[in-house]
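K.L.:
Could you have a look at this structure, given as structure tokens, before my questions?
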Amino acid sequence: MHADQVVYDHEAKKSHHDAVEVDAFTALAIEEQDHDIKYRTLSWQKATLLLFGEYVCLAILALAWSWSVLGWVCGFFITFGLGIVTWYTSYVLWQFCMRHPEAHDICDIAAILFPAIPRIAFEITGVMLLLNNIFLIGFHVFTGAKIFNTLSDGAVCTVAFQAITAVIGIIVSLPRTLNHVSIMSIVSAIAMGIAIILSMVYAGIEDHPLYGYGGNYPELGPVKTSVGLPGAPGFIAGTNAVLNITFLWIGQILYPSFIAEMKRPQDFPKALASLTILQLILFSVTAAVGYYYNGQYATAPIIGSLSEPWAKKSAFAFVLIPTVIIGAIYGNVAGKFLFKRILGNTKHAHSHSIVGWGTWIAIDIFIWAVAFVLGNVIPSMGDFLGIMSAAFDSFFGFIFWAVAYYHMNKNRLFTNWKMTTMTVINVIIFFLGLFMLGPGLYTSVDAIIADYAGAVRQPFSCASNAL
């Protein structure tokens with residue numbers, strides 16, 4: 001029961017809870033003392049930077065488009081509301097990890113959440129983990145080619161640019177611990193921050209945007225914004241706009257892996273609180289500025305709406321660094337899952353042996369090779385974000401943690417008004433996940449079909465995908 005009390009009666013059980021935590025997690029850290037490669041090395045400050053580096057990505061520059069579909073009020077409240085829900089579900093995730101220190105990743109958690117079918121739950125979640133991360137890496141392969149094409153005016157075949165991005169990603173993904181990746185994550189966040197600032201400044205100083213999805217300027221009239229819904233966006237466009245925002249917030253699939261590599265997993269709430277505040281500020285300001293200056297001409301990413309070629313190139317150049325590094329973070333987590341399945345707890349898993357490094361490098365190449373294929377098959381940035389949100393974020397951002405809440409509180413779900421309120425909230429979260437999975441996946445697939453029916457480049461084409 002101590003994990004339950006952490007949620008709602010923390011002070012009353014703090015001493016007992018901390019003692020259990022210290023015993024369990026200290027024992028796990030002691031086990032690594034004689035290992036060549038030690039994984040439990042992250043402080044909560046480094047965990048914050050690592051997580052923030054993951055979130056400071058190109059998808060932030062798609063927020064202005066989402067707000068152009070939803071308007072000021074809906075855009076802000078959906079962005080803010082999803083932030084609060086994500087913080088809460090992430091806190092539940094941490095509490096569950098504290099109760100189950102033997103869980104090292106999202107697959108271990110799935111096996112505990114569904115005790116009637118632990119092996120099936122583990123394997124299915126493992127496939128989803130790999131697909132989610134490889135889809136994300138494929139998104140970054142796709143983006144890398146878009147950046148190279150924009151900077152070089154399509155000087156080389158797009159497939160070649162995607163291959164170059166994949167090779168760079170393989171090299172950056174070689175470190176086997178997140179502690180090393182955290183340093184790169186800081187560099188990634190700084191570079192993407194510069195790209196975001198430049199995009200907003202350029203949008204503000206230009207006379208007008210270049211184009212929007214509905215037509216070139218001034219075909220859609222003067223730039224304007226809307227307090228409410230701008231007309232009737234339709235179910236598909238509206239749902240995809242919400243899914244794009246959801247994609248930015250949902251990162252819980254990586255959290256168990258981060259918690260498992262922290263010196264003191266007990267400190268994860270500090271990292272989570274810091275992260276959520278930083279995200280709320282960054283997401284809201286970027287979306288608001290981009291929407292204000294581009295209105296109905298907002299594109300995803302907003303760099304595509306800039307009218308001056310030099311402005312596009314100078315802003316987009318900085319995106320190359322986070323494109324590769326964020327891909328490497330997801331590659332690291334996916335790689336560790338496969339690595340553990342292949343080598344288990346043998347000495348090669350934590351030593352500098354030829355077998356250990358050979359296996360790790362082979363996995364690294366395999367992951368980026370599959371991502372390269374996906375980067376060629378899925379036609380647009382918005383399509384990537386929508387289908388990933390629907391297929392994977394529905395589980396890893398919502399459904400799993402409503403089930404985790406049930407497990408930790410199943411004997412007292414309706415014992416008082418506070419527990420009843422929290423139970424109702426978690427039921428809502430569960431059904432939000434189901435909505436994303438059903439109608440959300442339908443709209444995402446429909447958008448991909450519509451793109452292929454329109455004027456998009458074909459898979460493995462040399463046609464430029466430049467902004």
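The backbone N, Cα and C atoms fix where each Cβ goes, and this holds for glycine too.
Keep in mind that TrEMBL annotations are predicted by a computer and have not been checked by a curator.
So TrEMBL lists the following for this protein:
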- 41-441: domain 'Amino acid transporter transmembrane' (DOMAIN)
- 47-64: transmembrane segment (TRANSMEM)
- 70-94: transmembrane segment (TRANSMEM)
- 120-142: transmembrane segment (TRANSMEM)
- 154-174: transmembrane segment (TRANSMEM)
- 181-205: transmembrane segment (TRANSMEM)
- 225-250: transmembrane segment (TRANSMEM)
- 271-294: transmembrane segment (TRANSMEM)
- 314-333: transmembrane segment (TRANSMEM)
- 354-378: transmembrane segment (TRANSMEM)
- 384-407: transmembrane segment (TRANSMEM)
K.L.:
Would you mind listing the long-range same-chain contacts of the transmembrane segment (120-142), meaning Cβ under 8 Å and 6+ residues beyond its ends?
P.N.:
105-111, 113-114, 162, 165-166, 169, 253, 323-324, 326-327, 330-331, 333-334, 337-338, 341, 367-368, 370-376, 378, 381, 384-385, 387-388, 391-392, 395-396, 465
K.L.:
Restricting to CB pairs under 8 Å, which listed stretch, 70-94, 154-174, 271-294, 354-378, is in contact most with the transmembrane segment (314-333)?
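P.N.:
Comparing 70-94, 154-174, 271-294, 354-378: 154-174 has the most Cβ pairs near the transmembrane segment (314-333).
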K.L.:
Ranking 47-64, 225-250, 354-378 by Cβ pairs under 8 Å to the transmembrane segment (70-94), which is first?
P.N.:
225-250
K.L.:
How about the transmembrane segment (225-250) with the transmembrane segment (181-205) - do they touch, taking at least 3 C-beta pairs under 8 Å (6 or more apart in sequence) as contact?
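P.N.:
Counting Cβ pairs under 8 Å (6 or more apart in sequence), the transmembrane segment (225-250) does not reach the transmembrane segment (181-205), since there are fewer than 3.
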K.L.:
Hey, which of 47-64, 154-174, 181-205 has the most Cβ-Cβ pairs under 8 Å against the transmembrane segment (354-378)?
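P.N.:
Ranked by Cβ pairs under 8 Å, first place goes to 154-174.
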